[in-house]
Amino acid sequence: MVAVAAAAASRATAESEPEWNVAAPDLLYAEGTAAYARGDWPGVVLNMERALRSRAALRALRLRCRTRCATELPWAPDLDLGPASSLNHDPGAAALHDLRFFGALLRRAACLRRCLGPPSAHLLSEELDLEFNKRSPYNYLQVAYFKINKLEKAVAAAHTFFVGNPEHMEMRQNLDYYQTMSGVKEEDFKDLEAKPHMHEFRLGVRLYSEEKPLEAVPHLEAALQEYFVADEECRALCEGPYDYDGYNYLDYSADLFQAITDHYVQVLSCKQNCVTELASHPSREKPFEDFLPSHYNYLQFAYYNIGNYTQAIECAKTYLLFFPNDEVMSQNLAYYTAVLGEEEASSISPRENAQEYRHRSLLEKELLFFAYDIFGIPFVDPDSWTPEEVIPKRLQEKQKSERETAVRISQEIGNLMKEIETLVEEKTKESLDVSRLTREGGPLLYEGINLTMNSKVLNGSQRVVMDGVISDDECQELQRLTNAAATSGDGYRGQTSPHTPNEKFYGVTVLKALKLGQEGKVPLQSAHMYYNVTEKVRRVMESYFRLDTPLYFSYSHLVCRTAIEESQAERKDSSHPVHVDNCILNAESLVCIKEPPAYTFRDYSAILYLNGDFDGGNFYFTELDAKTVTAEVQPQCGRAVGFSSGTENPHGVKAVTRGQRCAIALWFTLDPRHSERDRVQADDLVKMLFSPEEVDLPQEQPLPDQQGSPKPGEESLSDRESQPKDEL
């Protein structure tokens, strides 16, 4: 932690202005808004830029001073006073102890006063601080920059404001307009207020979700390093004046030790809240859950996927510091240990900075819970990993009673709402069913394809199972293509699954298969068949769901999963856990957050099975709780499952416990802007390699009983949803 504190101090020194030449940001902001009102655009730029720099410089000054004074004047123990118990019998020694304690405190305060100087008087009001946090200066700046023809800066300011205010429709329109202007480049759309730790984390998670563990690792490691620096900065900035919460100072009355307690507990609570602050991003409604531990979760699996078992064990052990009873992580650790060897694995310890962080955090929580229990000063623990023994027994019982009361009231309200909903549903169900039936059940287009299960049979909406999409010979040829591509060195390289260490997978994308075919490493006709089959599935799904807008490929790959024989004993995990394809599923809260790193633009999904000669691997739909199974589908050659990608269709894949499961997984979007670039390249390559008659798919053959209105009993699909994992 010493190195981290030094890094925080050096960053603050670099960011701060020399000496005390820092203007008041509130005055500069006021001058900027006044300039905006009179149309003085250079004045807006001058004052708003200075206001932003001034606020940043004040923050850096406070951070530098508090870090430096804490380093130069630490709280040193009184080594020459003997054991603390002896102070009870020696009033003189106790008084001396107090004097030394307060002497250190006074010296720290004097250090801060000298360091901070006159700028310490610049305190923003709560309202103005909120304006800066909302990034309001950038709203003014983007207009002013545009007016004085500084387009690059206008774009950056607009983007910075929009990141913090994603619901601001006018700014969205401005950004759309900027995108159409000549001279505007993609790199101009940058967030000037981006936090390094969050930027690296989101980039690392995106690469991880795209199954690029080698590229993800450096960003996730950088995110961790930046996190600890940001944490030290946040904690140092908590040591400000006491917040009386409105007009409470008028009635505040406390003796010396109560006043010290109140202020210190407030500071500790602020420091604990850094967990929430650092896990927050302006574009998200809620902070990332278990933000710091999640870094180690991503890293342990990323390291595992690139074959670095030493680091995988270190990160797994670090994660288990926070969640020691996590069964999946314990299972992963046991697997890594078996591969690396018990002796070498036992010498690997959790990361030291994480151990220090956890130890310090638990000590702070103990004090805060003690203050909650004795003085009634509320403390809301931001972490889910806090051990129960840290909380005093009496407080545990009180919280348990409060939770039970809240649950009872919630259940009563819920029951009442269900009664009302049932009445409403009964009134609307009939009309809804008719509406769904009129949408789902379009022609299947090709002879031989049969409708096996519709939404009604699958107990949901916007779901379908079809058989006969391809023949047995085509299934076998595509399976051979996957294995041939794997041995030729494709993008997957025969790695273990990104979702479970108990399976290996081999896969190839359409473009990669065509390129391998062009190079003679796999049969070119097989690669062409793969291309045609994916287009066939796209057309069928588009027709069956009666979509008014064309479906575009978002991502597609042919993948085979093989059970690792020695890893199947007492296996409890899934081949792919329950998820949603275009949002991040929080099963406990029954919500799905549609924001990055989820692939929010995905609208429909499909999976075409190539075989069924394996154990396990069944596909299943669930409710939002990820536990209540609503339908299950057993794979077989030529069987396709299609569904909308939204919250109405959470799904997962059961563990493959024997053999190899092969399938083509496809995701589609209704937005052409998110059409897969690889697909466009694949289209061009097919046109170059094959004659026009070879490129065309077999003639679509509408079947008489599949045209017109759907048959009674057929239902439709409605919404869409998804998750940041390219697996079905």
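Quick reminder: no glycine exception, Cβ is built from N, Cα and C everywhere.
For the Fe cation site that Swiss-Prot gives as HIS579, ASP581, the extra residue drawn from HIS528, HIS557, HIS651 is HIS651.
It is 19 Å from the Cα atom of ASN450 (N-linked glycosylation site) to that of ASN532 (N-linked glycosylation site). With helix defined as DSSP H, G or I and strand as E or B, the repeat 'TPR 3' (197-230) counts 31 helix, 0 strand, 3 coil. For the pair formed by ASN308 (N-linked glycosylation site) and ASN532 (N-linked glycosylation site), distance between Cα atoms is given as 39 Å, rounded to the nearest Å.
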